[in-house]
Amino acid sequence: MTYFEAFFLALLQGFTEFLPISSSAHLILPSAILGWPDQGLAFDVAVHVGTLAAVVIYFRKEVVTLLTAWVGSIVKKEHNKESNLAWLIVLATIPAALFGLLFKDFIEIYLRSAWVIAATTIVFGLLLWWVDKNATLAKDEYQMTWKKALFLGIAQAMAMIPGTSRSGITITAALYLGFTREAAARFSFLMSIPIITLAGSYLGLKLAMSDISIHLGLLSTGVIVSFISAYICIHFFLKLISSMGMMPFVIYRILLGSSLLVWLALH
């Protein structure tokens with residue numbers, strides 16, 4: 001991997017991780033079209049660290065508040081809306097964690113293909129359009145219930161299917177449940193913290209147990225570039241989502257998926 005490839009892939013990961021457009025659909029393009037080599041396990045860990053740092057630092061006030069309330073609910077048995085939301089985020093993490101443990105190998109073998117990614121990019125883009133068009137957009141994240149959190153957790157588990165988009169499917173599910181676009185995005189991003197932490201830890205453990213050589217310069221590039229691009233992406237997405245809605249992302253997903261299908265048909 002060259003420094004240009006590391007920069008480009010980290011930039012792509014950072015910008016697409018939190019937008020409802022599927023990071024896997026974008027990360028397959030350099031290898032499928034340009035013939036770039038697989039980015040490797042070590043680089044996967046690096047970009048996970050970068051995107052995790054971005055969402056934690058961006059939501060640092062909320063993270064500290066929720067974490068403090070969560071610990072307080074355990075140690076002091078003090079319960080409030082913040083501790084309740086924290087527990088619901090934990091609940092929403094469980095389906096994806098279990099799904100990942102049970103079906104990761106199956107997904108890697110049978111579903112990680114350009115054809116699947118192209119199809120899911122289009123299908124879930126259309127679902128996002130339909131839900132956003134018909135959503136009531138009335139609730140904030142503190143009106144979350146355990147049933148709604150579990151529903152969002154199941155949606156997050158579905159994001160294991162390449163091309164679905166973790167943020168895309170969870171925002172779609174939250175809009176379907178009547179949450180505002182801002183609340184749907186915030187809860188989706190907060191949900192991402194434990195699941196990215198788990199995924200990054202799993203990859204880090206695999207890396208530690210392997211004999212893969214590590215290039216610190218390339219990994220540092222991955223961490224820094226993915227952090228900066230993800231932070232910028234989160235900031236502007238939350239600023240613009242209420243006014244522009246989901247249609248730009250729907251159109252983009254359909255164009256991307258269709259282009260990928262055409263390219264696959266011709267090759």
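Cβ atoms here come from the backbone N, Cα and C positions, even for glycine.
According to Swiss-Prot, the protein carries these features:
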type	residues	note
TRANSMEM	1-21	transmembrane segment
TRANSMEM	39-59	transmembrane segment
TRANSMEM	83-103	transmembrane segment
TRANSMEM	111-131	transmembrane segment
TRANSMEM	149-169	transmembrane segment
TRANSMEM	189-209	transmembrane segment
TRANSMEM	218-238	transmembrane segment
TRANSMEM	246-266	transmembrane segment
Select the range from 1-21, 39-59, 111-131, 149-169 that forms the most Cβ-Cβ pairs under 8 Å with the transmembrane segment (189-209). 39-59
Interface-richest range of 1-21, 39-59, 83-103, 111-131, 218-238 toward the transmembrane segment (246-266), CB pairs under 8 Å: 111-131
For the transmembrane segment (39-59), I need the partner stretch with the highest count of C-beta pairs below 8 angstroms, choosing only from 83-103, 111-131, 149-169, 218-238. 218-238
